[in-house]
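Enquirer: First the structure, which I've put down as structure tokens, then a few questions once you've had a look.
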Amino acid sequence: MPRLSHHDLRRNFRELLNADRCFHTASVFDPMSARIAADLGFEVGILGGSVASLQVLAAPDFNLITLSEFVEQATRICRVAQLPVLADADHGYGNALNVMRTVSELERAGISALTIEDTLLPPKFGRRSTDLIGMFEAVGKIRAALEARVDPEMAIIGRTNAGVIGFEEVIARAQAYEKAGADAICLVGIEDFDHLESIASQLSKPLMLVTYGNPNLRDNARLAALGVRIVVNGHAAYFAAIKATYDCLREQRQVDALDLNASQLSVKYSTADEYVVWAEEYMQVKE
């Protein structure tokens, strides 16, 4: 079977955005997982920033991974992937000029689409980890991303957090990102269908939701009717891999180790608790 080019895969992603149903992403974190996802029939894979940090650095999601490290992992994945890969590009690794570099590098890696979020990253001294940058700065990042894009088929998605700001600000930000030219809007923190409908009714671009498996948002037909095209349920495949590795090695060693679940394992082996203490001690950052 002939291989699809990166341009072909980007065009396929565009077709998904223009379809009349929603698609659930597969968490792809290395070349093997990308091949498995495509073979099982997933239409889209996602390389999450948190998963990339764990996979590359064994570090928690504290914006420790560099653009170069993230791009290297994306390149490995896209070298073999025969499904569109969506990159969680966090805040674009800096200001609007850094966003341009991020888009250029990820496009060259073969990514089909990427999200640029308006979270204040990395967290600043004395600020909450969920604080957002100003709307005008965020719009500048979207415009810069579009300027840096060479292949017009690659989708630029503006992301905001509906769980930490009020309804009117969510609408204002999403509409501003649409006006700036974003190909879709990614929403985090949607609570239920009433919450989603109140926002979706004010927007015109396709929507992407990060739900983390929220049981209140599991009706695919209703999601599609509200304009949702991409759903990210989380990264269960990655955490299942961590759990399987731990269980296999524990059995092989025949040691009396604790039977930890995937979440406990990721916290333990990424030394996440240390980073929380350091952030509070040296930066006065609170979760």
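Every residue, even glycine, has its Cβ placed from backbone N, Cα and C.
Checked Swiss-Prot, it gives:
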BINDING   S50, R159, H235  substrate binding site
BINDING   D88  Mg(2+) binding site
Enquirer: Can you check which residues sit near R159 (substrate binding site), meaning Cβ under 8 Å from its Cβ, same chain, 6 or more apart in sequence, and list them in order?
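Expert: Counting only residues 6 or more apart in sequence, the Cβ neighbours of R159 (substrate binding site) under 8 Å are T115, I116, E117, D118, I185, C186, L187, V188, M208.
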Enquirer: Could you round the CA separation between H235 (substrate binding site) and the residue listed as 'Mg(2+) binding site' to a whole angstrom and send it over?
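Expert: Here the two Cα atoms are 12 Å apart.
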Enquirer: Please give me the CB contact count at 10 A for S50 (substrate binding site), counting all chains in the structure.
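Expert: There are 20 of them.
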Enquirer: Going by DSSP, give the three-state secondary structure for H235 (substrate binding site).
Expert: coil
Enquirer: Which whole-number value in Å describes the distance between the Cα atoms of S50 (substrate binding site) and the residue listed as 'Mg(2+) binding site'?
Expert: 9
Enquirer: Inside 10 Å of the Cβ of D88 (Mg(2+) binding site), count up the other Cβ atoms and send me the figure.
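Expert: Other Cβ atoms found within 10 Å: 21.
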